[in-house]
């Protein structure tokens, strides 16, 4: 669990940075003495070449106190030039007053919009897509190499209840809503690039409209189910010493050994905590997107991260602590999608192992009952607990069963 | 399988309820940030 949390923290630390700051070489040093500190042709050319330029000098604005006299050549501008005004608007430093609309309406030039758009259409879409395809490819290779994990012993015919009806209901509520959210989210992100060119913009528009409706409303079922599975299964998912043995033997997935496990093995615990932590993070950023401008969370998060010095861990400048309402939404969208891609990749692996990859696994969430041979192979300690409980309460397993060995 | 079908049915029910509930409270940025004067319906 600790490793999952640490991994999450690192992701939390790294991912927004790529959006907040342009990665790469340090800013180009430019001599601006000839222009008195103002922008030079070299600044413009460097930007056009795609080089990183420190724009801090452009955030220095005119000072009314040092204005030329009213009769002077520049006196009527009150110490600030027109470019000062436009730059102040661009960098969110202008003193804007609006009669309605609040802080959102005060942003007249949204400087971060293009960077977000390029990130969304570029790295997010590309690497996110590769992540999912890569996971599917890895699983295909694994299936070719390992094949289906069979139950070694013959079926006993004796069944044990693995998940009751309420647990299975919660699982399918979570699974169904997650698949709907994943598909509609991918359509919203990728439709313009992969659907519109082939099936037409009208069809894409229709698809996007319905995807948005489904995404916004199915989200509530996902959040409810997330709470339910957390309550039902958290007690079974704390780390134990058996997990080390399970990990040491690769869970029996590689090789023929089947390490003992309780109700959930170490691999399932990783899935559980991934779903809970990443699902909660997706829910938080999703709520921020669902109620626009009303749940800003990134400026506060960045401030805390800066206080902890997390930016220094990865050698970055401090995270931005002042964000416009629009930038908050852009960070929320980017984070929502990044974390969702990671969780989708994990869940693809979960779906594989629960269906094609392992014989008998689907029964646990289908009928809720598994054969004792399956339970003994994959969750022997849990089976012993069930047996001990049955013996204590005088119950026996349902049986048209062969006698116990 | 009944639990699975019940889960899927619940997704539809919760989704429909959320749709009308959210419309009722006026959640969208259109409802929150703009008036009728600047929207063409």
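Glycine residues also receive a Cβ, built from the backbone N, Cα and C atoms like all the rest.
Now, the feature entries from TrEMBL:
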- A:1-20: signal peptide (SIGNAL)
- A:124-145: transmembrane segment (TRANSMEM)
- A:162-368: domain 'Cytochrome b561 bacterial/Ni-hydrogenase' (DOMAIN)
- A:172-194: transmembrane segment (TRANSMEM)
- A:214-235: transmembrane segment (TRANSMEM)
- A:270-291: transmembrane segment (TRANSMEM)
- A:334-353: transmembrane segment (TRANSMEM)
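With respect to Cβ pairs under 8 Å, the transmembrane segment (A:124-145) is most closely packed against A:172-194, considering the stretches A:172-194, A:214-235, A:270-291.
Long-range Cβ contacts of the transmembrane segment (A:172-194) within its own chain (Cβ-Cβ under 8 Å, at least 6 residues beyond either end) map to 120-121, 124-125, 128-129, 204, 207-208, 210-212, 214-215, 218-219, 221-222, 224-226, 228-229, 275, 337, 340, 343-344, 347, 365. Distant neighbours of the transmembrane segment (A:270-291): 1, 4-5, 8, 174, 216, 219, 222-223, 226, 229-230, 233-234, 237, 264, 297, 328-329, 332-333, 335-336, 339-340, 342-343, 346-347, 350; these residues of the same chain sit at least 6 beyond its ends, with a Cβ under 8 Å from one of its Cβ atoms.
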